[in-house]
Amino acid sequence: MADVMMMNEIDATASRLGIDQSQIDLDSIRLPPGENFGIISDDEDVYEDDQLEFDTGFGNIIVVDNLPVVPKEKFEKLEGVIRKIYSQIGVIKDDGLWMPVDPQTHKTLGYCFIEYNTPQEAELAKEKTNGYKLDKAHIFAVNMFDDFDRFMKVPDEWAPPEFKPYTPGENLQQWLTDEKARDQFVIRAGSDTEVLWNDARHLKPEPVYKRTYWTESFVQWSPLGTYLATVHRQGAAVWGGANTFNRLMRYAHPQVKLIDFSPGEKYLVTYSSHEPSNPRDANRVVINIFDVRTGKVMRDFRGSADEFAVGGTGGVASWPVFRWGGGQDKYFAKLGKNMISVYETDTFSLIDKKSLKVENVMDFSWSPTDPILSLYVPELGGGNQPARVSLVQIPGKEELRQKNLFSVSDCKMYWQSSGDYLAVKVDRYTKTKKSTYTGFELFRIKERDIPIEVLELDNKNDKIIAFAWEPKGHRFAVIHGDSPRPDVSFYSMRTAHNTGRVSKLATLKGKQANALFWSPSGRFIVLAGLKGFNGQLEFYNVDELETMATAEHFMATDIEWDPTGRYVATAVTSVHEMENGFNVWSFNGKLLYRTLKDHFFQFLWRPRPPSFLTPEKEEEIAKNLKKYSKKYEAEDQDVSMLLSEQEREKRKMLKDEWEKWVNEWKLLHEEEKLERQELRDGEASDEEEEYEAKDIEVEEVLDVTEEVLPFDD
């Protein structure tokens, strides 16, 4: 690969030529045709892929079968329906839709031909609409016109298919088999993106893969850690591999700004917003849903920014626009004006071909484990119709539970990660309407009839600063009160004597905290003071209700637990100009190592997929942990001895350097002995005790001034 001039060389050249780089519009620079100055772009094949091939053959024609057979008077209506469906996918040529008619009955024959501008559009139309359910009696069967020619040339005699030996692909989860049971993380600093092992035993990260200009905006792990996604002007890409990071697939979407994976990593959602040519028009939004493995567009959505805003026209845009349901890849939903549109991935169409109508719906969220929607509707009619929170089962759209709420100012829903509980934080107006107070409605989702419990704080006027469920547990934490020293309270949804009542476990008074970070395995939590609290950290054991350690990472902006709950990373990103970088701590608050990075942008732990172990097996391991831990204790001891040996070697090296330096000065001292003797008027001795110390006083007149003073009688 040709050498590329580094940025410091560019800066130096610009300075020598007197060029102000801030005044240069890089996007306006165009290279001469066919010239790349020896710099090969990784994205050139994306441009090649995007060049549409206008075909003069039949590759751009599809045949749609299983259409309704209609008489002449309904012909125009059916043609309009077909044109509406297929014009959303691509540009149909003039006179490109032909529906044959039986000359005797004057009815359609149940199929049609559609001619697109390009073969790519035709292929996409076939992929997206083959199996499309127009109604119960008519399910589209779509084929390429060229396929009929291939079907007509099927040989009369059967021939066995050509046998191809199986060649296994790369194990994309090879990193999970690390013998040291380490986790990986990715960082972005400056123009570099780097994946590293968290080698806590050796108190430093170990490099895995590094690439300059790997992404143009940000990187993102897929939910199970299989892929690392990068974002570029031409689209997105995913990377992975057994021992390195190879590009596995590209997804063409010009000017993509945001991406989101489905929970099971089957699909990738990409988003772009384009400025309109007419200033009075709204921004045009394009959302594509790709199959991650094949790169095919499964469904696209286009429209104005208002159509994808929360609450419809005039609402606020929210990402992700589509929210995936039930920890699966089967359903996804979008909030619209007075409705929630729920789609199924079998056909990528609306369930029952219609949205869920809910007047004035403001928010919704999915259960993390089940196809259950929770939705919030504010008060209507000036308070005559109360606000409500409802639970709706998908796909049947059956309402499982509803709770009416009165005098509501605001409402926010928090699902527990196992889907066992739903907490609804409700801000209510006081009787005077001049202030608000907060309470919680706690839904027990897995219990019969879904009972609801009301929780109010001891001081119900306390402001709620943060709320967080314990992952996979029954406890939650709340930061409440006034800054700069609010209180932190812990609650449990069950107690030893009564599993159906919420109970308070403890309240910690006057903590410098405004954010909560539970360990993924529960039990431990970090009480963090970010932003105005300057990175105060308290590592707390909720089982024992005791503080394990307090620390500080000055100006910390981000905190993230590793997926196993063993380590915590705190980071200072480039929103601050000083002290950019990250620290890695043990679960109990011991600082393991610190890494400084200029222009630090991102730190992301690589997620782990769920364990294949059964709950019984996990419980058995926990009971016999000492047996399993012997191996790791021995390894830890070996590493400790190695580190001690390295420390001894380091100290020995420093001592040797010191002694070498002392000997050099002694030698120099001896060489200059004669010169010192001359300076002491022939005195030969350098020994200090052979000298006689005398105190000598020296008086010196610095100045004499004579002044005549008048003498008065």
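Residue 1 is the first one shown; counting continues down the chain.
Glycine too: its Cβ is placed from the backbone N, Cα and C atoms.
Record features (TrEMBL):
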type: COMPBIAS; residues: 674-683; note: compositional bias 'Basic and acidic residues'
type: COMPBIAS; residues: 684-694; note: compositional bias 'Acidic residues'
type: DOMAIN; residues: 60-147; note: domain 'RRM'
type: REGION; residues: 674-694; note: region 'Disordered'
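With a threshold of 8 Å between CB atoms, no same-chain residue lying at least 6 positions outside the compositional bias 'Basic and acidic residues' (674-683) comes near it.
DSSP assignment over the domain 'RRM' (60-147) gives 30 helix, 29 strand, 29 coil. DSSP labels the residues of the compositional bias 'Basic and acidic residues' (674-683) in these numbers: 6 helix, 0 strand, 4 coil. Over the domain 'RRM' (60-147) the predicted model carries a mean pLDDT of 90.
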